[in-house]
Each structure stands twice: as C-alpha cells, then as structure tokens.
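Before any comments, here is the structure.
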Amino acid sequence: WRRNLQPTLTYWSVFFSFGLCIAFLGPTLLDLRCQTQSSLSQITWVFFSQQFCLLLGSCLGGVFKRTLAQSLLALFASSLAISLVFAIIPLCHNVVVLAVVMAVAGLAMGCIDTISNMQLVKIYQKDSAIFLQALHFFVGFGALLSPLIADPFLSDTNCILSNGTANASSNLPHIRKSLVPHHPGNLSHYDLPMKGMVVTRVSYAFWIMALINLPVPIAVFFLLYKERMVPCFNGSSHPLLSADELALETRPGDKDELSTAGQRPHTAAGHEDLFSCCQSKNFRGASFTYFAVHITGALVLFMTDGIVGEYSGFVYSYAVEEPLSVVHKVAGYLPSLFWGFITLGRLISIPVSYRMKPATMVFINVVGVLITFLLLLIFSSSVVFLFVGTASLGLFLSSTFPSMLAYTEDILQYKGCATTVLVTGAGIGEMVLQLLVGSIIHDRGSYSFLVCGMIFGCLAFTFYALLVFFHRMYPKPSPELDEASPDKAAVPEDTGQYQR
C-alpha cells in the first residue's frame, strides 16, 4: 500500500470521474431537451449512445493493458475526455451532436472501468478486495455529487419561452421528476413548447463539473511523469542507478516487458481484452470448470448490475403510480436514497473486506437482495417500507461487483480473463435489463417492477450457487508451483513497476 500509494490514489480518482459522468443525465434531461429543442423520443437516444459506447469501451479497455504506459496513457486520455465532454455539452444545440459527445464519454467511461479494475487486481493480487471496494466507493461518490452540482441550475419553470409557456410551467416539477431515462412512454401526453428562446442555466453546472474533474487527468499525468513514460520528458536527468536499473529506466517499454517476464507463464493468459480472450489459443488445455467460472461469475453480475440499473431507473415511476401514489416530490428522493446507500455500503465494505472473504460477502449480498425484494412484495402497499427497502437494497448491492471480481480472480489464480468478462457481463446486464423491465412495466403495470426484481435476484443466487459448485471442482494450484521461489517472487516484481 505504501509503495503503491500514488498509483492507487490515481486509479481511485479516475473512478470518481466515472461516477461524475454516469449520473448527471437524469436530472438535467429536461434542460438538455430544451437546449437541443428536441422531442422526448429524440433525447432518449443520448442515453442509448452513452450506455452502448460504455459497453463497447469496457470491451476495448483491455486492449490498453499490455503495458503500464498504454494503460496510463489510456486513462489520461479518458479522464481528459470527460472534462472536455462536460465543457462541450453546453455548446451542443443539436441532439445528434449531443448524442455523439455522450458516445465519446461512454467510450472513456468504459476504458476507465476496465483498466482501473485490471490495474488494481494486478498490483494487489490476493489483497485486491479491499482496494476494489474503495475503488467502487468513488463511483458512488461521484454519482452523488454530480446531481447535487446540477440541482441549483435546473430550470424551475419551462426553459423555453413561448406563448404556451404559462400552461406548461405549472406541470414542470411533475414532468421533471417523471422523466425516467429508460421508460419515456408514459410521458408522451406532455407537450412542452420546443420553439422559442432558451433560458436554461444548466451550462454553469457542466462547466463546474469540468473544473472539478480537471485534477484527475493532471493526477494521471503526474503518475506518467513519475514513471518516466511521458515522451517529451524521457530525456530529463535521472538519479544515479546501477547499470541494470539504468538499462530498464531508459527504456520504459522494455522495462514493463522485462518486469513481467519472470511471471509470464503465470499471468500470460490473464487480464486480456475481450477479443484476445476469445482466441482459440487461450482455450487449449482449459478445463470445463475454467469456462464455467467465467460464465457464472459474469451472469451473477449481469443480474445484480442489471438490478441496480432497473431499480434506480424505475423506482420513481413505481412509487407515483397506484397503489402507493406517493407525492411526486417525495418520490423524487427514492433514487437519491438508493445511490446514497450504495455509496455508504461501499464505504462500509472497505474495512469489512479486510476481515471477510469475498465469497462470503457475495453470499450475504445476493441473499440480502432476495430477502429485500421478498419483503417489498409482501409490503407492497407500504410507503414507509418502500423507503426502507430501497435503502436496504442499496446496501446489499453496493459491494457485489468488487467482491465478485476479487472472488473470481482468486479462483482462477489470476490466469483467466475474469476482469474483462465480468466488466462486460455487468455492462450488458445494466443495459439489457433496463430495456426489458421498461417494456414489461409498460405492458403489465407497475407491480411487475418488483416481480422482475425478485426473479433477477433468484437468478443471481442460482448462478452464485453454481459458481461455488464450480469453484469446488476447479483444480487447485500445485504445491510445487506455490513453493517455487521464482514464481512466488514474480508477483511482487509485477508491483515493483511502481517502485523506485
């Protein structure tokens, strides 16, 4: 931890950028719709472009993992791109241009997601669980901060002045709270004036977020400078080193290759990008359980991350409809409560993961999700329990991803493609289950929202049970390999790339 303090803090700060960028679209949707003078069906393509490119970026992120220099340069470009996106959004007065800008943000977020998880697992190996919990805490922190920044600048009345403004402005607070990104069908009867003078002040919120995020690429640049991987600074003076160290220091690319050469047999098949993982050469000699661990681990996160997406997206629309009929202003606190307890749960999980095994934490999480949805179904007419259940669900879902990632990597002894496969599976689940639940609610009514959550929770528990079963079947590492000093020394040498 002390030797790797700067890179660890850098990866955490980059994940803060990820969280800052993932949660601002919801509350600013109406103002962005006014800014682009677009219809609701048109503005929803902005959400789709971000989610789709986030998934694509997660798949492509592993391409940049081959050397430390590539990883850090990709993180620098991605975090800088997020600041530029925040600065450019106020200048986008066409919905197509806005969708393209958000697609760039999605690609950057996907790269950040994959690379940061990979690098922390690579640094800390068996001890990575606690650092992954902290990493994902920063996502929640950023996701909480961006709506708070945007709130003072959101329009209280209609953000386009026209002859029909007076009639539409009285409905605006309800419309704003009802603008669920992935389920716009119920809002088609709201006809807001889309022609006139735009009076929104949301631009200031985006510029503030751009400034807040700016220290993140600066921190990545300083790490690149410390590792002497900035091309224009490679000729700078170096401290006196031995001949072997000097040979490594003056050739950063070779240094990264040589530092991992001793452990190449141990990790050559690990932490590949999705396309490299699918090559037939990686399947030679692999057992059935090798594939089963990857697939079941990804399916658990497909369900749990899908629950996070569909619950945060639809809990408001569920609350305001019968039988609960919660006041719109009160129901608006539910998504914030959900994300708040996800952030709190990730903070609590940091010390807990130091004492508790990742497998145990995942078991508690999936069982807690099941019990919470069961109680929400039983007390479906209670507004109080809806708030209690929302908080409970956020707590149980908070540490599922980092715990599952640490658990699966432990099973595979860091030889497989677990990080890439799990990140991709989680991204697909968040995108697919949101669309699926939105269509089911539209056809079957709001009560199906909880039924879908219960079904997804049962499937997550089933896939976790299968993962534990395959874990018991997975071949244990040979004692000779564990006791061999060259291989055991290889792991700390990999983290030595951050040491001087």
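Every residue gets a Cβ built from N, Cα and C, even glycine.
Source: prediction; values computed, not measured.
Note on the transmembrane segment (9-30): residues 43, 46-47, 50, 75, 78-79, 82, 85-86, 102, 105, 108-109, 112-113, 116, 119-120, 134-136, 138-147, 149-151, 154-155, 159, 172, 175-176, 179, 181, 202, 205-206, 209, 212-213, 215-216, 219-220, 222-223, 335, 339 of its chain, located 6 or more positions outside it, place their CB under 8 angstroms from a CB of the stretch. TrEMBL lists 9-30 (among others) with the feature transmembrane segment.
Residues annotated as transmembrane segment in TrEMBL: 42-64 (among others).
The transmembrane segment annotation in TrEMBL covers 71-89 (among others). If you look at the transmembrane segment (71-89), the same-chain residues 6 or more away from its ends with a CB under 8 A from one of its CBs are 10-11, 14, 17, 20-21, 32, 61, 64-65, 98, 101-102, 104-105, 107-109, 111-112, 115-116, 118-119, 203, 206-207, 209-210, 213-214, 216-217, 220-221, 223-224, 227, 229.
Away from its own ends, the transmembrane segment (95-116) comes close to residues 11, 14-15, 17-18, 21-22, 25, 32, 36, 38, 42-43, 45-47, 49-62, 64-65, 71, 74-75, 77-79, 81-82, 85, 88-89, 135, 419-420, 423, 427 of its chain (Cβ-Cβ under 8 Å, at least six residues beyond either end). For 95-116 (among others), the entry in TrEMBL reads transmembrane segment.
Feature annotation from TrEMBL assigns transmembrane segment to 128-149 (among others). Residues of the same chain lying 6 or more positions beyond the ends of the transmembrane segment (128-149) and with a Cβ under 8 Å from any Cβ of it are 8, 11-13, 15-24, 26-27, 116-117, 120-121, 205, 208-209, 212, 336, 339-340, 342-343, 346-347, 349-354, 358, 398-399, 401-403, 405-406, 409.
Same-chain neighbours of the transmembrane segment (204-225): 6-7, 9-10, 13-14, 16-17, 20, 24, 28, 69, 72-73, 75-76, 79-80, 82-84, 86-87, 89-90, 145-146, 149-150, 152-154, 233, counting only residues six or more beyond its ends whose CB sits under 8 Å from a CB of the stretch. What TrEMBL records for 204-225 (among others) is transmembrane segment.
TrEMBL lists 288-308 (among others) with the feature transmembrane segment. Within the chain, the transmembrane segment (288-308) has long-range Cβ neighbours (under 8 A, six or more residues past its boundaries) at 342, 362, 365-366, 369, 393, 397, 400-401, 404, 407-408, 411-412, 416-418, 421-422, 424-430, 432-434, 453, 456-457, 459-460, 463-464, 466-467, 470-471, 473-475.
Residues 23, 26, 133-134, 136-137, 139-141, 143-144, 147, 177, 308, 311-312, 315-316, 319-320, 386-387, 390-399, 402 of the same chain, all 6+ positions outside the transmembrane segment (330-348), place their C-beta atoms under 8 angstroms from a C-beta of that stretch. The transmembrane segment annotation in TrEMBL covers 330-348 (among others).
Residues of the same chain lying 6 or more positions beyond the ends of the transmembrane segment (360-379) and with a Cβ under 8 Å from any Cβ of it are 300, 304, 307, 349, 352-353, 385-386, 389, 392-393, 395-397, 399-400, 403-404, 407, 450-451, 453-454, 457-458, 460-461, 464. Here TrEMBL flags 360-379 (among others) as transmembrane segment.
The annotation transmembrane segment is assigned in TrEMBL to 385-407 (among others). Through the fold, the transmembrane segment (385-407) approaches residues 117, 121, 128-129, 132-133, 135-136, 140, 297, 300-301, 304-305, 307-308, 311, 315, 319, 324, 326, 334, 337-346, 348-349, 352-353, 357-359, 361-362, 364-366, 368-369, 372-373, 375-376, 379, 418-419, 422, 426 of its own chain, all at least 6 residues removed from its boundaries and within a Cβ separation under 8 Å.
Per TrEMBL, the feature transmembrane segment maps to 419-441 (among others). Remote same-chain residues near the transmembrane segment (419-441) are listed as 51-52, 54-55, 58-59, 61-62, 110, 113-114, 117-118, 121, 182-183, 185, 271-274, 277, 294-295, 297-299, 301-310, 313-314, 317-318, 401, 404-405, 408-409, 448-449, 452, 456 (criterion: CB distance under 8 Å, separation of at least six residues from the stretch ends).
Here the transmembrane segment (447-470) has Cβ contacts under 8 Å with residues 289, 292-293, 296-297, 299-300, 303-304, 306-307, 310-311, 314-315, 317-318, 359, 362-363, 366-367, 369-370, 373-374, 376-377, 380, 408, 433, 436-437, 440-441 of the same chain, all six or more residues outside its ends. Summarising the annotation, TrEMBL assigns transmembrane segment to 447-470 (among others).
Positions annotated as region 'Disordered' by TrEMBL: 478-500.
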